[in-house]
Amino acid sequence: MTVKTFRGSPALSEFRLTQLQQKCQQYQLPITSVYAEYLHFVEQKTSLVEDEIVKLQALLHYGSMFSELKPAGYCLIVTPRVGTISSWSSKATDIAHNCGLSKVNRIERGIAYYFNIERDLTEAELATLKDLLHDRMLETVLNHETEAALLFTQQEPKALTTIDILNGGRQALERANIALGLALADDEMDYLVESFTALKRNPQDVELYMFAQANSEHCRHKIFNADWIIDGKKQDKSLFKMIKNTFEQTPDFVLSAYKDNAAVMEGSKVGRWFPDPDGQYRVHQEDAHILMKVETHNHPTAISPFPGAATGSGGEIRDEGATGRGAKPKAGLTGFSVSNLVIPNFEQPWENPLSKPNRIASALDIMIDAPLGSAAFNNEFGRPALLGYFRTYEEKVNSFAGKEVRGYHKPIMLAGGIGNIRGEQVQKGEIPIGAKLIVLGGAAMNIGLGGGAASSMDSGKSKEDLDFASVQRENPEMERRCQEVIDRCWQLGEENPILFIHDVGAGGLSNAMPELVHDGRRGGKFDLRSILCDEKGMSPLEIWCNESQERYVLAVAPENLELFTALCERERAPFAVIGEATQAEHLILHDSHFDNNPIDLPMNVLLGKTPKMTREVLSKTVENQSLKTEGIQLKEAFHRVLRLPVVAEKTFLITIGDRSVTGMVARDQMVGPWQIPVSDVAVTTASLDSYHGEAMAMGERSPVALLNFSASARLAVAEAITNIAGTHIGEMKRIKLSANWMSAAGHTGEDAGLYEAVKAVGEELCPALGLTIPVGKDSMSMKTTWIDNGEQKSVTAPLSLVISAFARVEDVRKTLTPQLRTDKGLSSLLLIDLGEGHNRLGATALAQVYKQLGDKPADVVKVQRLKDFYNAMQTLVAEDKLLAYHDRSDGGLITTLAEMAFAGHCGVEVDISALGDNDLAVLFNEELGAVIQVADSQLESVREVLKAHNLLGITHQLGTVTADDRFEISRGSHKLFSEKRSELRSIWAELTYQMQRLRDNPECAEQEFEAKKNPDDKGLSAFLTYDVNEDITAPFINKGVKPTIAILREQGVNSHYEMAAAFDRAGFNAIDVHMSDLMIGRRNLAEFNAMVACGGFSYGDVLGAGGGWAKSILFNPKLHEQFSQFFINPNTLTLGVCNGCQMISNLAEIIPGTENWPHFVRNKSERFEARVSLVKINEVDSVWFAGMAGSHMPIAVSHGEGQVKFKSVEQFAGLKAQGIIAAQYIDNNGSPTELYPANPNGSAEGITAITNLDGRVAIMMPHPERVFRAVSNSWHPENWTEDGAWMRLFRNARMVF
């Protein structure tokens, strides 16, 4: 094979080049200018002929939006790490093959950097420059393009290694333990020596590696299952038994706990929406039970933040999909705890930057890259991210031996979510003897080795090269393909071919396959060389144990293999049958290449008889001083608190994540017309036709554990309850919790503290409240150690419990938000003080910003009061008695009130006289409680409800809401604090601005920051020129044959369900059509009246968003003809939305009347943008927008490449002259705009929807299908009932037929 190089488009925008040059200057490198462009390296099986080269060059021409320069100067080429295959490569190669380029073996991409230099670089300068250009965990720097052949080097398969314990004894195993990074404990090594001596043979490296992964703390939770002796006294229960006690006390509504990849609870009976085997989407009335899971991915995120967090989210999504016999992930949550950010030029008074080991990323780098990784995976998979938390902590505090640093050098990266599952699919099936054992998903690669064992070690205990080996690689588009297969399977009901399914996570197949057959009470016989592999030189250990992502293991009965194969082929999801289930509980892995058995073990050696841990520990107490508040000024204190990340505005973490996909999001983080990120709870509808739903909320108060372990745990549970209380759930037993425990096991005092905290929750608080914890996770190695200039250093995380609460929702429309209302007449603000006046300041945000800890933290004062509070809120919510609700948490009462005022774009006047004598304690304590806004006309009835629940005595009337721009706090007649709300809002927004300035286009960051300062911003609004509640298709109901529409999707598309639902509601028969159906002739576009190309990430947006999809049509003669005929047929309609818009714009050459259409390129911000944007509908001659001209209304936006790009000024002028610009982004005053974020992508004159000349073909970047129901709009006017404003677009299409 030979490698050919093709130049690509410029890789970096001007501001990215400027940033790079500034970094070079910062390190005093002699560089005067820099330019970067993509290089494509194509490995050919045989030489391409001229027309194939032309086709390939067209394929590799994409995304050219920056100025192209002639490459010149000193060159360095950054490529994916040699020996790995990037996900970009996998998808680009797929596109080439689907375009008929069968001679292409693989395509890889690099970036060539060209530097003008004043003199030759020294070796040290060159090393610095390379560090600036690449991530050593993921990338390689080449000196010349001829070295690109290294990217395609294939080696001969490596052989097994045998560890000679029969002759070398335990010492041989100890050497292997260190060399392979197995993290085996002493008793485990004794066990292995004993086991293999009894088998009379030496172990192979793969067997030891498999054992280490399968029995790591990460996978087997040995500490939570251990026996405990504390202060010399044997404890009755393990940690896990105390957690299980919550289920034993309150099993109500739980369908599955502790035995599967996720827990399941009862959901609502609704009309679930999916296609039947004939391809037509239909409603299926059935229970949509709720599954829940929350994972952590801390170690990989510390080592390489983007892929670490991405694969964290991906692994949790797989856990959900692999529940029962297959389930559907629905909505996600994310959380991060890191040390202090220390943002350049934004350093804060409480931040004293400490050093860190080189092998881990800084807190700032983690919070720039990790949220992008997590969001990117969720976005591309098609799961909305609706909830999260973000905490920073790093401080020297008192310890049992002087001072020590507590913080999150080893971060917490939390990924979780909910999904739905059919009742009959909740329990896994039996695995019959002879069942086919299958790996579904991508090929094995030599990455992510040892993740389970590495995650189980304190950061610093493993070798850096082992950290390097445990980095993983994400390919969410592949996971989407696999999920589509799983969906097709469970949608078959009783005919579901999946009997048993697990995801492949830590330990790779070495953990997943033994777990699969063990759980099915079987053994397995496997063929190593049947496993799909992208790297032929891998050893048996590397093939069996690597953690290549996006894979599942399944058991399928032999008679159903043909059906399963057909489903995979349609979705283009790779799979391999690698073995069969056996009656004997024995594991055999045969290697046909070397004709040996790398594994030949009884299952009980691997999983059955491993030693049980006993932990003998001492409890410790630390003396702490009370908070010193002398000299602290209220104004300065509040400004500091508003800048503390746990309190500050977190828009930079939210708008990078899709929050509208599925069309079932009823409450995301952004609240009200001003889209302020202060929601307490995330809410989804259970289906596309129901008001039943699901809710998620979180609770986390980890700094409190530095003062009181059990109080921290109780507060986490209680805060999750006060967060979720503002939606309509019913009895508290309906709420189920996930508990994620992070601890530095073995650190003095932490083990006993962990036991105390688990007992407080599992044995006491949750049983008293009737709460169940059916799922959770532990991470027991939260300590970082390193040597700095010969000095031993360490940073230890506080005991951290993150509680995620999940519940069925009776009516999603009743969900309250913190938005204060000024349009509801006179109203009052009430504080329900569950802290009962204790006003403790220990471990608060106030303490943190003054580099203190304090001594007494908040706690649950009375458990019954918490229950009464929840029940009272449920009554008030159900009866629509409240206008706004917000719990008191980080930052205290003053923050609660400020966030409510920000959301309402209004002022408040409150008097704190009744709350205590100490102003700082009253305003900044973080005791449990909530502020409610009540219309004065409802005040008496609300008081009656509070009285009935014994809360009136702890309820205090604070003051009123005002329509002006003042935030005022008084004590009687004395004004304590008075400031413009808009100025406080600006301070609160500084963190987001600073992070966006570093991460995104600084010009966009500046524009958004300025927009937030505007006290006169009108917020979102809607003006419709038609009646939103009129169904213009009503005369067609039940009359005649419905027109059919092809709901067209390609691999990676994710918005087809809601699109089909919108067209079905408008009166179409919606048919699921995959591009593979058209390619092989299962379907033909001639069958359909209309076609819609749906949104998502076809081919992961590789080769330009929508570009690969379009080129697979243009370069396929059969598809080219089929699409051409459809477009010229005057009796058809076509719609393209988001990715479908991008794709159809690339088909302009075969669509009549599109000669002036633009292409769509990367957003000006260079960031995926998920926003609610205002658009104006123009007067165009198009059936799609009939009767809508002059309207302006909100719409969901979710894209990374939505900026229009014209070939010339003349083309742009031609488009305007033709009058086919259907919609434009407008600002909150109604004027078309190019300012960010009202215009989320920077398109000229706000262009966002276009038609062809005769109006039959329309393309648009925003998502009307996600907001066709009023309830799925983040904000909408109250006179909208069931239908959203965009339902008219779909009904307009129906009027044609």
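Using the three backbone atoms N, Cα and C, a Cβ is placed for every residue, glycine included.
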Legend entry - Of the candidates Asp503, Asp887, Asp890, the one that Swiss-Prot places in the Mg(2+) site of Asp680, Glu719, Asn723: Asp887
Inset, instruction - Grab the same-chain neighbours of the region 'Disordered' (303-329) for me: Cβ-Cβ under 8 Å, and only residues 6 or more beyond its ends, written as numbers and ranges. - result: 135, 137-138, 256, 260-262, 264, 291, 293-297, 359-361, 365-366, 368-374, 376-378, 381, 383, 413, 415-421, 425-429, 448, 467-468, 470-474, 476, 479, 482-483, 486-487, 489-490, 496, 498-505, 549-550, 552
Legend entry - Reduced DSSP assignment, His1263 (active site): strand
Legend entry - Cα-to-Cα gap, Gly314 (ATP binding site) vs Cys1138 (active site, nucleophile), nearest whole Å: 23
Legend entry - Largest CA-to-CA spread of ATP binders Gly308, Ala309, Ala310, Thr311, Gly312, Ser313, Gly314, Gly315, Glu316, Ile317, Arg318, Asp319, Ser889, angstrom: 32
Legend entry - Candidates Arg318, His1263: member of the recorded positions with the richest Cβ shell (10 Å): Arg318
Inset, instruction - List the other residues in this chain whose Cβ sits within 8 Å of the Cβ centroid of the Mg(2+) site residues Asp680, Glu719, Asn723, Asp887, in sequence order. - result: Val681, Ala697, Met698, Gly699, Ala720, Ile721, Thr722, Ile724, Ala725, Gly726, His886, Ser889, Ala930
Legend entry - Least buried by Cβ count (within 10 Å) of the recorded positions Glu316, Asp680, Glu719, Glu1265: Glu719
Inset, instruction - Provide, as an integer number of angstrom, the distance between the C-alpha atoms of Asn723 (Mg(2+) binding site) and Gly308 (ATP binding site). - result: 29
Legend entry - Within 10 angstroms of Cys1138 (active site, nucleophile), Cα basis - recorded positions out of Ala310, Arg318, Glu719, Ser889, His1263, Glu1265: His1263
Legend entry - the region 'Disordered' (303-329) - residue tally per DSSP class, helix then strand then coil: 18 helix, 2 strand, 7 coil
Inset, instruction - List the Cα distance (Å, whole number) between Asp680 (Mg(2+) binding site) and His1263 (active site). - result: 25
Legend entry - Mean predicted confidence [pLDDT] for the domain 'Glutamine amidotransferase type-1' (1045-1297): 97
Legend entry - Minimum Cα separation from Glu316 (ATP binding site), reported as the residue among recorded positions Glu719, Asp887, His1263, Glu1265 that achieves it: Glu719
